[in-house]
Amino acid sequence: MAITLITGGVRSGKSRYALKMALSYKRRLFIATAVAFDDEMKKRIEKHKQERGNLFKTIEEPVYLSRALDGANNFDVCLIDCLTVWVSNLLFYKKEAQIEAFFKALDKITSDVVVVSNEVGLGIMPDNTLSRRYVDLLGEVNQKLADVSDRVVFMISGQPLNVKS
Amino acid sequence: MAITLITGGVRSGKSRYALKMALSYKRRLFIATAVAFDDEMKKRIEKHKQERGNLFKTIEEPVYLSRALDGANNFDVCLIDCLTVWVSNLLFYKKEAQIEAFFKALDKITSDVVVVSNEVGLGIMPDNTLSRRYVDLLGEVNQKLADVSDRVVFMISGQPLNVKS
Amino acid sequence: MAITLITGGVRSGKSRYALKMALSYKRRLFIATAVAFDDEMKKRIEKHKQERGNLFKTIEEPVYLSRALDGANNFDVCLIDCLTVWVSNLLFYKKEAQIEAFFKALDKITSDVVVVSNEVGLGIMPDNTLSRRYVDLLGEVNQKLADVSDRVVFMISGQPLNVKS
């Protein structure tokens, strides 16, 4: 199996590119980590759902990604969108231990995996401790994932830039 | 005609690189989208003007870029600096419809075009709705422009990185 | 002598990559610019110190980098970590003139130099003047350094991307 990390900024075309990649496979699983806390979030989630249509079997899993991955071996590709929200959820629910579980599950999976994440550390650092803790944790997760990935793509204005391949 | 998008962060050398590109042409048009709301802005605009000297015919157009482009066909190159401020102006004046008009005008232009924009979605997202709306809209405009561009350059510490060419 | 600039976001693996580069040399100098203002900073500094162990001779120099560089010629490599904090210190102590002194010292040095910095201008601009002044100044320093560097590396999720080489 091959792991691909698609990273980049907000509205850089990460999800669209990841979808396109996944559509080249036959049996497709989509793992959504977002939970609708408010109307804005609800809208974003709805928009993404419509873009996917019924091209994927979808699982919504905000916290226990490792469990969701356990059911992924019946599929040719598993698209996880996205780690950005997942790491935020882990902090909120105090479930950081799920990170290790995720990497263990990833190590055992047989289907190809495409993971969407964000770069969030390229602006001025926010002056609150929680945000800095979030930036640190997501950065560490991204580094770990890139390390075990076969391919890392950085999206800029919708264009893919190969960082590792 | 060829379209080039120069994107990157604040103080990454975008405008300087775009100027250098444009100077290789003979008849040059500069379309400035910035309006001086305060003294800081006024200073930045003045500084950029001095850097250009009289090497360009300059038009100041904060909103109706499509109209400014209509007069660009007498020139060999048209440099637009920048979309970042333009999209901000569109939100301020509620003129988002100008985006479609801009892409239509771009489609008909016969001179080469160099456009400067910014990546603004690579930091922690601001917790106000207007900023997020801005990040989304600019990201969509950047993606659309990159899609129709012949070349996309991402500036890092003043160095150009070819993303599409 | 050769200069390498390692830049990127927070938690993108810049320091780790710079350390790895420097370890290929025999006599190693580490110039740390960070001063522990608070407990969070103290922790980060301690963590970095432990990662280095006794593989380097370490100098702590928050402001006068040029002086620290004067003693670097007895070493094969000089690793400066990082400009991000240094420029912030310069603003705090009103010592911006040290920038010119730094580039002069860099011009005379005979050992190889590896410099760590940050890209901080790729998010939404903060609405306070000091932060914008900081972004501008660090951006200018990064551009100048990249210009005289033999190699510039942009780190994304721990992966190095060659921007200049």
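Each residue's number is its place along the chain shown, starting with 1.
Cβ coordinates are placed from backbone N, Cα and C, and glycine is handled just like the others.
Curation plays no part in TrEMBL annotations; they are all automatic predictions.
Reduced to three states, the DSSP call for C:Glu60 (GTP binding site) is strand. According to TrEMBL, the feature GTP binding site maps to C:8-15, C:32-34, C:49-52, C:Glu60, C:Asp81.
The active site, GMP-histidine intermediate annotation in TrEMBL covers C:His48. DSSP assigns C:His48 (active site, GMP-histidine intermediate) to a helix.
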Set of same-chain residues at least 6 away whose C-beta sits under 8 angstroms from C:His48 (active site, GMP-histidine intermediate)
C:Ser15, C:Ala32, C:Asp81
Hits for chain A proximity (Cβ under 8 Å) within recorded positions C:Arg11, C:Lys14, C:Thr33, C:His48, C:Gln50 read C:Arg11
Which number gives the other C-beta atoms within 10 angstroms of the C-beta of C:Arg11 (GTP binding site), all protein chains shown included?
23
Which of these binding-site residues has the least crowded Cβ, counting other Cβ atoms within 10 Å: C:Thr33, C:Gln50?
C:Gln50
